[in-house]
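Copied over from Swiss-Prot, here are the features:
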BINDING   42, 96, 120, 121, 184, 451  D-glucose binding site
BINDING   279, 308, 451  Mg(2+) binding site
BINDING   305, 352, 353, 440, 450  ADP binding site
DOMAIN    10-467  domain 'ADPK'
């Protein structure tokens, strides 16, 4: 080993400080970001053991426990709701099920919440990119009721509206309509949380999704009719929310109707030289997942975690590699992102997993690594605070310890790759960037951390390379 653990940690501390300064200085140079398609209201409740046990006993513990063993993956009864919550706690896994009836939706409202936040990947990123980084941001909102509009922070955040035949960009608070409240009920639990004899192996959340619009990737009239005009005003675009697509809908439409429109949007973005990032999320439907892989070549960049990567590799046809990726070792993950780049031709792949991030690019640049470091600080700030309100919150994350376990992976990479320096590996026709992340041991919230990571890395890398 070339350096002691202490020396390596000191090296990364310096790299983190430099990356923060470089990113913050460069971010004002970004002229505009477009975010589509999913925005909603996140209702957050921190689970209480006594309250949860009381509610489960009232409806019948045995029936609820049956759902843990045989998950319904949808909610049409209280047994389904609480069975889903307990399954999420038992596995320490983020689980999201759709709420199918109004009676359960009323129950969820009456159960109440601890916090209201803007939700959906596009909505969360808008408050970060526009509200904290102060970059002009245009965000798609399927509906814009007052409850949701008030959750957008002040800053250069805009939604397109028609005034007569003229397209205008205004803050969501200036575009309120009597529209549906699209609510995702999020039940958070910490590591070690115990209910009955079930204990959470790690912190996570269960989501009861009572949102009929984002479930279909509904697009507003303004986006359908004036997308080209909207695209002309931005340099970057981040697309998300496609993971919910189904093969068929009751009105006779299919996932293909949505993807055709998405592809037409991508063609416009590419025509105007707008760099686009696709935030991949686990997509249960295999056919939809296959189609999403098929359009990756139209994007500049994709962001995903190891579970999502494995689900893609399985579709590509290497089931053995997919299983190895899920085991979490760094070399199968590197093989998998190289395979994904071979298959799609995409320029940039950003993988975020617990403890470290990787970025595989077709270009060489120290800014790729610095962007990952900046994203790690943003993620740590989000975990600590629950919500990032100012850039100083990101700076405060410099004091969070760097993950020492990831240093072991760094040492293995050094042995495997001769061209390895300060987290950058020259792979002949590609560059691989590796960074150990900041780890917050008791996060206040886990919602939106992946979106914070990917958007911060994509936007700050572009800003620094542009500078």
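Here the Cβ of each residue, glycine as well, is placed from N, Cα and C on the backbone.
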Which secondary structure state does DSSP assign to residue 120 (D-glucose binding site), in the simple three-class scheme?
coil
Protein Cβ atoms within 10 Å of residue 279 (Mg(2+) binding site), excluding its own:
27
Roughly how many Å lie between the Cα atoms of residue 440 (ADP binding site) and residue 121 (D-glucose binding site), rounded to a whole value?
22
Mean pLDDT for the domain 'ADPK' (10-467), rounded to an integer?
96
What residue among the binding-site residues 120, 450 has the most other CB atoms lying within 10 A of its CB?
120
Return only the integer: C-alpha distance in Å from residue 305 (ADP binding site) to residue 120 (D-glucose binding site).
17
What subset of the binding-site residues 96, 120, 121, 184 lies within 10 angstroms of residue 450 (ADP binding site), using C-alpha positions?
121
Across all chains shown, how many C-beta atoms besides its own are within 10 angstroms of the C-beta of residue 42 (D-glucose binding site)?
23
Any idea what DSSP makes of residue 184 (D-glucose binding site), helix, strand or coil?
strand
How many Å lie between the Cα of residue 184 (D-glucose binding site) and the Cα of residue 308 (Mg(2+) binding site)?
22
